[in-house]
Structures are given as C-alpha cells and as structure tokens.
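> Marked as transmembrane segment by TrEMBL: B:20-42, B:62-80, B:92-108, B:114-137, B:146-164, B:197-215, B:245-265, B:323-343.
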Amino acid sequence: MNEGLILALLLSTASAATPLMLAALGELVTERSGVLNLGVEGMMLVGAVAAFATMSQTGSPLLAFGVAMLSGCALSLLFGVLTLHLMTNQVATGLALTLFGVGLAAFVGQPYVGGVVKGVEPLLFGLDPITLLAFVLCGGLWWFLGKSRAGLLLRAVGEKPAVADAIGYPVRRIRYLAVLFGGAMAGLGGAFLSLVNTPMWVEGMTAGRGWIALALVVFATWRPERVLLGAWLFGGMTVLQFHAQALGLAIPSEFLSMLPYLATIAVLVLICRNPRTILLNQPLSLGKTYHPDR
Amino acid sequence: MFQLETRPVPSATMRLLSPLIAALLMLASGFVLFTLLGQPALKAFYVFFVQPLTTLYGVGEWLLKATPLLLCSLGLLIAYRANVWNIGAEGQLVMGAIAGGGVALAFPDVSASWLMPAMLVAGVAGGMAWAALPALLRTRFHTNEILVSLMLVYVAGLGLRFLVNGPWRDPEGFNFPQSRMFHEAAILPLLHPEMRVTVAGVLALMLVGLIWLFLSKSWLGFRLTVAGQAPAAARYAGFGERRNVWIAMLISGGFAGLAGVAEVAGPLGQLQPSVSPGYGFAAIIVAFVGRLNPLGALLASLLMSLLYLGGETAQMELGLPAAITGLFQGLLLFYLLAADLFIHYRVRRSERAPAAVLKEATR
C-alpha cells in the first residue's frame, strides 16, 4: 500500500469519527452529572438540518455551526425542563426527544432536500477545524473531569446528588449546564454530518449515529479519552464499508452497511459481559430523578 | 408563589385526564403552527382532523393505519409494564414482514387455506426471533436492551433492502427493488369492498380483549406488572428477572411481527424496501398515551392513525409538508409526560411568602 492511500484512509476515518466523538463527549458529560439523555439522535438530526439551512441561507459556516449548537441546546433545554423541573422519567423523555427531533428535522428540512452547499475547507494537515476541535475537546474534558475542581463537582452531582445538595451545591443548575453542553455537542456533531461529511440534507441522515454515540459512552466506561478510541474504531468501520468494494470484496453493500450497528452490539456485549465493569464506572445516580424534598 | 407538593396518593383522575390534556395541548400547538405557516387555522384543522373521515374509504384508511399501531403497542405496553424497554418494535415488524412474506414467496402455487395461518405464524416467529436477541444479550451479558433492540432496527431494514434488491426481487418488475405481488391466497381478506382495511383490524381488536384478560386475570400478567412497579418485591416473591425479560421481549416482538406480516399481506401485497412509515416507533407513543392499558392503546392508536392520515391529507390539500405528522406525534408525547407530573404532585399556592409567615410566628 502506498502512503497516499494510507493518509487518505486516515483522513476519512477522522471525519467519520468526528460526529460520533462530539456527540459521545457531550452525552458523556451529561451522564457524568447523573442525567441519561436518550435524545442524542434527535438533537443531532436537528443540528444537521439547522446547520444546512443556515449555510444555504447565509453561506457562513461559522454561523451555521453556531446555529446548530444553539438548536441542539434548545432541544436539550426542553429535555432539561421536563426531567429536572417536571421530574419526568428520563428514559421516556429522551425517547420523546428523539421522536420529536426526527419529526422536527424532517419538517424543517423539507424545502432543503436536494440542495447543495459548499463544504468546509481543511485547516491543518487536511483536517477541518471541527475535527481538530473534537481532539482538543477530548483532551480538555479529560483534564476537566479528572483534574479540575468544577469537574469533581460535576461528578459528585452524578454520584450522590443528595450529598452535593446538602453541602450546598446547586444540583439542578449543574445538571442543566451538563444537559445543555450535551445538546450543543450533539448539534455540532449533526452539523458536521450535513456540512463536512456529505454537504447535503437527507431525511434521517444521522442513520443511528446518535444511538451509536450513546453506546460509545458505555464502551468508554464514561471516560473521555476512551471515547477517542471508540469513535476511531467506528470511523474505521464506516470507511472500510466504502473502500471494501474498491478492495474487491464481493460482499453486498447492505451487509457492509450493517457493520457499524453489529459492531455496536458486539462492543456492548464485550464491555457489559462483566457486570462489575459497569457497576464500578457508571455514575451512581444515572437516570434517576432527583427531587429535593423540602 | 407556586410550589410542587407530593400528593399523599397518586391521583387516579389525573392518570386518565392527562392523555386528554396532552391531546388538547397538541391541538393548541397545531393551531399556532398552522397560523405560523400562513394557513387559516380552522380550515387546516378541518383538513387535518375531519376531512379524512368524511368518506367510507377514509374511515377504512383510518382503521388500516391504526391496526399496526395497535398491534405493536399491545406488545410494547406489556414490556414497558415489566420495565423492559423494547424500542426496536420497528425492526421486529420488518422481520415479521420478511418471515411472513418469505412464506408467501416460497409457495407461489399454493392456494390452500393453510397458507395464510402459516404466514401469520411465521411473521410472529420472525418478530419474536428478532426480539430474542436483545433478550438473550441482556440476560446473558447484561447489555442494555434499548441500544441493542434499536441497533437491530437498522440491521433488519438493511436485510430487507438486500432481499428485495437481490434474491427476492421480482424478475418481471422492471428492476424495481421489490418482490413480486403475493398471490390471492397470501392476501388477507378485506373487511368491506370499499375499504382497504383487512381482517387484521378485527384480529387486533380481539387481541385487545385478550391482553386485557392477560393483564388483569392471569398470574403471568400480574408477575410482569409487579416486576415493573416494584422490582424489590418481585425479587422477594421469587419472580425471576431473566424470565420476565424473555417473556416481555418475546410477547412484544411477536406482536410487532404480526403487525409486519399483516402489512405485507394486506395493503402492500408484496415486500418493498420500506414496509412501515415508522409504525414501530409511533407505537411507543401509543403505548404511553394509552396509559400502558390495552383499551387506552386502542383509543391512542386511533388518534395516532388520524395524525398519519391528516398529514397526508394536509400535504395533498394545503401543500403542507407530511413530516408535520412526526412533529405532532413528538409533541403529544412531550405534553403527556409533562401532564403526568400532576399524577404524583400537585401545585400549591402559598398565600404568603415564607418570610412573612416566619415573621408573624416569632412576633
């Protein structure tokens, strides 16, 4: 194999990994605060359509990415109000958010089907700015969650909200911030899909990436540095699928497209096989509603 | 100043009222949405919610779309009662369609009366098999059934696409990715010549009664409900968790599979790359709006079916995007979840600010 091909493979793996990495890192922070948001898929889709619509209206990638993050935030705020203030079941609300997001994105995106926008230019070593940002984010979160005081507080809220509350920390506000961060990152991941990966809008174009991102958080045992590994693994799988035909593998394309989904299941089995792995790493209050009874 | 206060006893009235409140709020949002889209709201309402039901054919379509929603949600409500989160009904529906449709394609010359029952059984088995995977992985390897059942939705969809693009493609179908049309014995009879709804609708209605009996009278139904509402009590009573997961997944998968085969042996009449406009996902909403109760699911499936139908009518008559259906469905579930707050909590209006009360007390 020549170097050019290897470089091309690496670059396409990077751009396939980036949306997964962004969404998974956002969800990781949300889950570390004890909130399980199953609406990642919906937020990504809305981010994708918002970015595409903004880009075709204004032509400004900066604005497009910004609007995508804001719309992801808006959806996660809705989730936050329902689960943190109205104390709804997090699983059901997250599902509702995904179903709503799928509907909303299809509705908003109807006029943009078939439209084309100019893709985002590479910045450094053939990598686009968002991919670089994803790496920085990964390192930053590793530092934030592991080394910083604010990160420790976030983790405390995720483990024992009642204790954090008793000491006087604003549990609800911290959880809101974590949920909003998750929304912004999912929106950005979605925008990456519709502006960089394939500069166009197709209904349901995330194709389950939001759910794969959720699985990645489990795979990473809630550690940001391991999200990098997982996302690259899945990115590689996606690239393999495009290059398999070129490499002369006579496998029907549908079976190759199944790979990321089957791999997600396989990875979940590997990690969850030993229940202690999950028990030791999962935030203690994950998915549980906290109601400060006064 | 308003405060939330835990009710001493969950409100039974609110449990029944909250779906109605949710539906009303959804309609109110529709009013706002139609106005924003520059449509006269009243006319849009008429086109969306009334006009589809003004013809006999329209009523038939309404029942036709309600059937798979009802079938899927009947299974899902059992699973959700047992706290087993099967959200892959869409994939189980597709597998039911593949298995049942496969039987029809395998016996093109058979016109005997055993063919249809064989197809239905195959459909149920296909759905069950697809739901058995998440059950197996959860009970053996502790994987989360939400993620696994959802991943399998995509795998099933791709499997169907492979079949209709490759081995099962109609050789005389001008290269369209679809199977040949099923022969007469492989098609469910219609309820009425002017409507497209099949006997599957009646079957679903009978299953409503059966599930009601199962949940309220049978030991197994009781076990599942206890396991969902009080896991600790269920463990203490010796109700094995593994068996509950298996039963909940198999029942919900079987129902979704039945819905799938009824679609291909009914309105579709063949296997196509897509056999459902998301019935399996919409059925999650039906199960919740129906209060995880079979009779409630019946009513909720009629409402959700009307949303599908209204979306189509609004697209044809007013040029509104059909995707508005998904928006309404999502809103409905959001409003329901929010309204459910008042089952367990009530709003109290504190007459005076706490500080004033304190001042008075210490005077």
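Here the Cβ of each residue, glycine as well, is placed from N, Cα and C on the backbone.
Just so you know, TrEMBL annotations never went through curation; they're auto-generated.
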> With the transmembrane segment (B:245-265) as the reference, which stretch in B:20-42, B:197-215, B:323-343 has the largest tally of C-beta pairs below 8 Å?
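Answer, by Cβ pair count: B:197-215.
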> Sequence-remote contacts (6 or more beyond its ends) of the transmembrane segment (B:20-42), Cβ cut-off under 8 Å?
48, 289, 303, 318, 320, 324, 327-328, 331-333, 335-336, 338-339
> Take the transmembrane segment (B:114-137) and find every residue of the same chain, 6 or more past its ends, with a Cβ under 8 Å from one of its Cβ atoms.
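86, 88, 91-93, 95-104, 107, 143, 145, 148-149, 152, 156, 185-186, 188, 245-246, 249-250, 252-262, 265.
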